[in-house]
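Here the structure comes first, spelled out in structure tokens, and everything after it is commentary.
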Amino acid sequence: MRAIGVFEYITLRAVLACATALLIGLVAGPRVIRRLTEMKIGQAVRAYGPESHLVKTGTPTMGGALILIAIAISTLLWADWINRFVWVVLLVTFGFGWIGWMDDYRKVVYRDPEGMPARQKFFWQATIGLVAAVYLAFAVSAPANTELWPLFKAWVGSGFTMPLPTRADLIVPFFKSVSYPLGVLGFVALTWAVIVGTSNAVNLTDGLDGLAIMPTVMVGSALGIFAYVVGRVDYSKYLLFPYIPGAAELMVLCAAIGGAGLAFLWFNAYPAQVFMGDVGALALGGALGTIAVIVRQEIVLFIMGGVFVVETLSVMVQVTWFKYTKRKYGQGRRIFRMAPLHHHFEVGGWKETQVVVRFWIITMMLVLVGLSTLKLR
């Protein structure tokens, strides 16, 4: 009985979840790649991308499905099935994965490098993000599922003005006991932006072999530590974080993401044998955003995921400036040689592996900064 009792420890189950996902990915990887190759599910490279990427044409894509399968099996094996946060993260992950799958399918079957129309993709992302945001506004605030509906009714009965408990406040890192109450509408708006924004940010970063998956593993692992802290009464009290009942179980899911991500990196490292595609990138980004919201570390996610943030900003700045100058001068001008930012460095002479490893190093440093907020407050 004592041997069985050790499985009550979240830390042990997290280690086992990581190992299980890693093993599933390593064992199933070659078969999945072989099957994708047989089905001719190859990457269609954009004509306006770097010329060096033309050799990647035909490389199997949609390998993110392998990541999602490994995460799901490992999580269901080792996580608590009645934990609401585990389920909401899984649902968001697979919801965004479905969007990515449809996008990849269009690219592969119709040989359309652009994939699903941007407006259609954004509509589904916005819908899933909004549903998750509304649920989390009350799930994070209520200690148990039985209190969700009463809390919602109380908010409606107050004329939509009732504030949320302090555990739902926006936490400002590096400052002791500094947080800002968001209210239901503010919480929903911020959560929606974090989930949808992170999903797209990871997707934009996924442009070089191994570039997106390793930062995802590092950021996801760090969020697992935050989940463990805020999910325990003793640690959260000692470190001055809000106590979120049930959040500690997300450490198991984060560990599964880490294991599955490392397994995928085995095959995605340069020269990549398979790409994750939108099915993987959108899903993993959605997962990171959702977990960060639950553990109340939206700003820390912004810090640790700095590579994702800068990649996204580079695209936004490039597009905005190009449209503005085209309208004003009749010819569009660019700030970067090419966007996202990793292509800017490629065109500037950096080797693909140099860009990837340097972005990994930057992410590792940013993650350490994020983890330092556990104590430096």
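Just so it is clear, glycine is given a Cβ too, placed from its N, Cα and C backbone atoms.
The transmembrane segment annotation in Swiss-Prot covers 9-29 (among others). Proximity of distant same-chain residues to the transmembrane segment (9-29), defined by a Cβ-Cβ separation under 8 Å and at least 6 residues beyond the stretch ends, is recorded for 66-67, 69-71, 73-75, 77-79, 224, 228, 231, 248-249, 251-260, 262-264, 266-267, 274.
According to Swiss-Prot, the transmembrane segment annotation covers 62-82 (among others).
Annotation comment: Swiss-Prot describes 85-105 (among others) as transmembrane segment.
Proximity of distant same-chain residues to the transmembrane segment (122-142), defined by a Cβ-Cβ separation under 8 Å and at least 6 residues beyond the stretch ends, is recorded for 84-85, 88, 91-92, 95-96, 99, 148, 151-152, 155, 164-165, 167-168, 184, 187-189, 191-192, 195-196, 199-200, 244, 282, 286, 290, 293-294, 296. Annotation source Swiss-Prot lists transmembrane segment at 122-142 (among others), citing sequence analysis.
Tertiary neighbourhood of the transmembrane segment (155-175): same-chain residues 137-138, 140-141, 181-185, 187, 190, 241-244, 296-300, 303, 370, 373, 376-377, selected by CB-CB distance under 8 Å and a gap of 6+ residues from either end. Per Swiss-Prot, the feature transmembrane segment maps to 155-175 (among others).
Summarising the annotation, Swiss-Prot assigns transmembrane segment to 178-198 (among others).
Sequence annotations record features per position, and here Swiss-Prot assigns transmembrane segment to 210-230 (among others). Long-range contacts of the transmembrane segment (210-230) within the same chain, counting only residues at least 6 positions beyond its ends with a Cβ under 8 Å from a Cβ of the stretch, are 10-11, 14, 202-203, 236, 239, 241-244, 247-251, 253-255, 257-258, 261-262, 264-265, 268-270, 272, 276, 281, 284-285, 287-288, 291-292, 294-297, 300-301, 304-305, 307-308, 342, 355-356, 359-360, 363-364, 367, 370-371, 374.
Taken from Swiss-Prot, the feature transmembrane segment applies to 247-267 (among others). Under 8 Å from some Cβ of the transmembrane segment (247-267) lie the Cβ atoms of residues 10-11, 13-15, 17-26, 29-30, 33, 63-64, 66-68, 70-71, 74-75, 78-80, 83, 85-86, 89-90, 210, 213-214, 216-217, 220-221, 223-225, 227-228, 230-232, 273-274, 276, 280, 284, 287, 291, 294-295, all in the same chain and six or more residues away from its ends.
Residues or ranges marked as transmembrane segment in Swiss-Prot (evidence: sequence analysis): 274-294 (among others). Taking Cβ pairs closer than 8 Å, the transmembrane segment (274-294) reaches residues 29, 32-33, 36, 43, 56, 59-68, 85, 88-89, 92-97, 99-101, 103-104, 107, 115, 125, 128-129, 132-133, 136, 139-140, 190-191, 194-203, 205-206, 212-213, 216, 219-220, 223, 227, 244, 247, 250, 253-254, 257, 261, 264, 267-268, 300-301, 305, 308 in its own chain, all 6 or more past its ends.
If you look up Swiss-Prot, you'll see 299-319 (among others) marked as transmembrane segment.
Nonlocal intrachain contacts for the transmembrane segment (354-374), taken as residues 6+ away from its ends with a CB within less than 8 angstroms of a stretch CB, comprise 173-174, 208-211, 214-215, 218-219, 222, 225-226, 229, 239, 270, 297, 300-301, 303-307, 342, 345-346. What Swiss-Prot records for 354-374 (among others) is transmembrane segment.
Within the chain carrying the transmembrane segment (62-82), a Cβ under 8 angstroms from the stretch's Cβ atoms is held by residues 13-14, 16-18, 20-22, 24-25, 28-29, 32-33, 36, 41, 90, 93-94, 97, 100-101, 104-105, 108, 249, 252-253, 256-257, 259-261, 263-264, 267-268, 274-281, 283-284, all 6 or more beyond its ends.
Within the chain carrying the transmembrane segment (178-198), a Cβ under 8 angstroms from the stretch's Cβ atoms is held by residues 92, 125-126, 128-130, 132-134, 136-138, 140, 155, 160, 162-164, 166, 168-172, 242, 285-286, 288-290, 292-293, 298, 301, 305, 308, 312, all 6 or more beyond its ends. Here the transmembrane segment (85-105) has Cβ contacts under 8 Å with residues 61-62, 64-65, 68, 71-72, 75, 79, 115-116, 121, 124-125, 128-129, 132, 135-136, 139, 195, 199, 203, 246-247, 249-250, 252-253, 277-287, 290-291, 294 of the same chain, all six or more residues outside its ends.
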